[in-house]
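Asks: The anthranilate 1 binding site annotation in Swiss-Prot covers G78, N109. For G78, 81-82, S86, 88-91, 106-114, S118, the entry in Swiss-Prot reads 5-phospho-alpha-D-ribose 1-diphosphate binding site. Residues annotated as Mg(2+) 1 binding site in Swiss-Prot: S90, E223. The anthranilate 2 binding site annotation in Swiss-Prot covers R163 and is backed by sequence analysis. Under the heading Mg(2+) 2 binding site, Swiss-Prot lists D222, E223, citing sequence analysis as support.
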Amino acid sequence: MRLLKQLDNNITLTQSETTQFITYLTNPEINVEDKVDLLTQFTKKEIKQQELTYVVNSLIQTMYPNQPTYEGSICVCGTGGDKSNSFNISTTVSFIVASAGIPVIKHGNRSITSHSGSTDLLNELGIKTTKVSEVPLQIEEQGLAFISAMESYPIMKYIQPVRKMISTPTIFNIVGPLINPFKLTYQVLGVYDPSRLYMIAQTLKDLGRRRAIVLHGANGMDEATLSGNNEVYELNENGDITHYFINAKDYGLKVASNQDLQGGSPKENKMITLDILSGDDKTCRRDVVVLNAALALYVSEKVDTIASGISLATILIDSGRAMVQFMKMRGDICDDIK
């Protein structure tokens, strides 16, 4: 196979060749062993940033050749893989951000390395995921839509067995948060591998994001944490990417270890999320949600600074608006709070 020879010679693939690569891996008629050979060779070579963009574009175009756009929308998510077993921070954040009037299209999955993935938590909360075709109406009515990654990209089921047979991480460990079916305006993306931060920030620029934050949490998490310096690459509206660190204590938040942020089963994480949204939780779990919500409010241009984002996120919780957003999503109330 020509692709195998190119990969053996460490030759960077073109967009057309990458599409062939994806088509091969997602073809159910090709046996898994042959797919393993190809993905193994791709994984052995150094993955270039351009190739990450090509892989993401190929997957999106395969499923959504006319990718829909929702102006002003944001997704807050992480790559997973940090093995921290934290509670569902980004899902909890999504309710708060949506309560600020920002359209949130959250792309999530079931648990892979944690006890409870985004979809697992939603099931426990009694909130259904939204079909891609129904997202515009869902956003219009409630301002927040949760999309199941497995439902929006069923072709990925043909790649899963291949990944399981390869012992090392592959490019598919980082593409999940990048293939939202909608062309987003903003994104906050947590990454477990700090060496991939700039690559992912550049890919988000290639995908047309107006603004984005790509971060690696202190001590290895794929969320901003309270335990030290969080590394950030920020894409601004001018297309510039800047690199800096943020520390929760600089914003008046108390230092806490990553272990203090651990969750549990979907049922246990449900109670954590509800306690935070209701304002009952005053612990570090609330603080880490406020910090991550602040980044989303900042990157989506709702506020001018991260500090202002922390103030607004706190108000959204304490005023009850975040809880109202949750109740709307569950169908408990229909009235909006302006």
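We number each residue from 1, going along the chain as drawn.
A Cβ is built for glycine as well, from the same backbone N, Cα and C atoms used for every other residue.
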Asks: Quick check for the class: what is the C-alpha distance, in angstrom and rounded, between E223 (Mg(2+) 1 binding site) and H107 (5-phospho-alpha-D-ribose 1-diphosphate binding site)?
Replies: 16
Asks: Among all protein chains shown, how many Cβ atoms are found within 10 Å of the Cβ of G78 (anthranilate 1 binding site), not counting that one?
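Replies: I count 25 other Cβ atoms within 10 Å of it.
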Asks: Near the Cβ of S86 (5-phospho-alpha-D-ribose 1-diphosphate binding site), how many other Cβ atoms are there if near means within 10 Å?
Replies: 27
Asks: Could you tell me which of these binding-site residues, H107, R163, has the greatest number of Cβ atoms within 10 Å of its own Cβ?
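Replies: Its Cβ has the most other Cβ atoms within 10 Å: H107.
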Asks: Within 10 Å of each Cβ, count the other Cβ atoms, then let me know which of the binding-site residues D222, E223 comes out lowest.
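Replies: Across D222, E223, these binding-site residues, the one with fewest Cβ atoms within 10 Å is D222.
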Asks: Using the alpha carbons only, what distance in Å do you get between D222 (Mg(2+) 2 binding site) and G78 (anthranilate 1 binding site) once rounded?
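Replies: Distance between the two Cα atoms comes out at 6 Å.
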Asks: At a 10 Å cut-off from the C-beta of S90 (5-phospho-alpha-D-ribose 1-diphosphate binding site), count the other C-beta atoms across all protein chains.
Replies: 25
Asks: Rounded to the nearest angstrom, how far is the Cα of R163 (anthranilate 2 binding site) from the Cα of H107 (5-phospho-alpha-D-ribose 1-diphosphate binding site)?
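Replies: So the alpha carbons of H107 (5-phospho-alpha-D-ribose 1-diphosphate binding site) and R163 (anthranilate 2 binding site) sit roughly 21 Å from each other.
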Asks: In DSSP terms, helix, strand or coil for the residue listed as 'anthranilate 2 binding site'?
Replies: helix
Asks: How big is the Cα-to-Cα gap, in Å, between G78 (anthranilate 1 binding site) and S90 (5-phospho-alpha-D-ribose 1-diphosphate binding site)?
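Replies: The Cα atom of G78 (anthranilate 1 binding site) is 8 Å away from the Cα atom of S90 (5-phospho-alpha-D-ribose 1-diphosphate binding site).
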Asks: Using the alpha carbons only, what distance in Å do you get between R163 (anthranilate 2 binding site) and S90 (5-phospho-alpha-D-ribose 1-diphosphate binding site) once rounded?
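Replies: Distance between the two Cα atoms comes out at 25 Å.
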Asks: Three states by DSSP: which one describes D222 (Mg(2+) 2 binding site)?
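Replies: Where D222 (Mg(2+) 2 binding site) sits, the three-state DSSP reduction gives coil.
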